[in-house]
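Reading through the structure tokens given below for one structure.
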Amino acid sequence: MNSLDLHLDYGIVEDILKTFLLNEIRKFGFRSVVLGLSGGIDSAVVCELASRALGSDQVLALMMPYRSSSTDSIVHAQLLVEKLGIRAETCSITAAVDAFFEGVPEEDRLRRGNIMARTRMVYLYDVSARQNSLVVGTSNKTELLLGYGTLFGDMASAVNPVGDLYKTQIRGLARHLGIPEQLITKTPSADLWEGQSDEADLGFSYDEVDHLLFMMLEKRMDKAAIIEQGVSEIFYDRVRKMVVRNQYKRMMPVIAKISSRTPGIDFRYARDWQEVK
């Protein structure tokens, strides 16, 4: 597959996403946003977009390190804060997380990672309530499709400007926006434990899976056609299973329909057609 297939006109993408943020935040009746700034590329891109769309004074970045967090993560997050001139707060999650960890075996990294992600979201939404600011998400399309994230943790937000951009496209947008190169080229990691990396967890690279997902979704190619492109059947089957199995993470809880008008099914909320005053 030609790598150019994933390339976008990032100037147009920037304009679309800035307009999206401005319009959606106004619809909710807010003027400012808060987001978790990890020192990674996804949150850096969202922070930059929000700053350009709303103004740096309307963006609050919350840095939430754990005692095992990489020093680079903190340094890179602070680098972006200084570059953009946005407001920022640091809130350690160590005490809260360690209280939970007392009952979780050290080898159960999945549960521990979920606890850390959900603890960060508790802090984020509390600051959101304190500041009367909307929580903006940072999960990219690759993560959402694969279910590589924590439900009601790092996947929780009111709006997400980058959820339709593959990880490789996030890199392209980051370069267009002038994100510091060390944030773009660093090994992708949720920083949940020392030495953890996304691609080691997944067992494949973002470049590999993005090309496969693009063929599956955007090109709507069937299995046989994709395998003809050189993709192994084992890889195809594994990724397809992940996409199907994690559909529940990409939607609100399913509601059993009883009445003639059911929230989320056939009732349109007021904010869908009028601005909240």
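Using N, Cα and C of the backbone, Cβ positions are placed for all residues, glycine too.
According to Swiss-Prot, the features are:
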- GLY36, LEU37, SER38, GLY39, GLY40, ILE41, ASP42, SER43, THR138, LYS167, SER189: ATP binding site (BINDING)
- ASP42, GLU143: Mg(2+) binding site (BINDING)
- ARG118: deamido-NAD(+) binding site (BINDING)
Original post:
Taking just the CA atoms, what is the gap between ASP42 (ATP binding site) and ARG118 (deamido-NAD(+) binding site) in Å?
Top reply: 18
**OP:** Under 8 Å Cβ to Cβ from GLY36 (ATP binding site), same chain, six or more residues apart: give me those in sequence order, or none if nothing qualifies.
**Re:** SER43, ALA61, LEU62, MET63, MET64, ARG120, MET121, LEU124, THR138, ASP154
Original post:
Taking just the CA atoms, what is the gap between GLY40 (ATP binding site) and the residue listed as 'deamido-NAD(+) binding site' in Å?
Top reply: 18
**OP:** Can you tell which of ASP42, GLU143 has the least company, meaning the fewest other C-beta atoms within 10 angstroms of its C-beta, among these binding-site residues?
**Re:** ASP42
Subject >> Fewest-neighbour residue among binding-site residues, criterion Cβ within 10 Å, set SER38, THR138, SER189 >> reply: SER189
Subject >> DSSP state at GLY36 (ATP binding site), helix/strand/coil >> reply: strand
**OP:** From the binding-site residues SER38, GLU143, SER189, pick the residue whose C-alpha lies nearest to the C-alpha of ARG118 (deamido-NAD(+) binding site).
**Re:** SER38
Original post:
Can you tell me how far the Cα of SER38 (ATP binding site) sits from the Cα of GLU143 (Mg(2+) binding site), in Å?
Top reply: 16
**OP:** Drop a 10 Å sphere on every Cβ of the binding-site residues GLY40, ARG118 and tell me which sphere holds the fewest other Cβ atoms.
**Re:** ARG118
Original post:
Whole-number Å distance between the CA of GLU143 (Mg(2+) binding site) and the CA of SER189 (ATP binding site)?
Top reply: 12
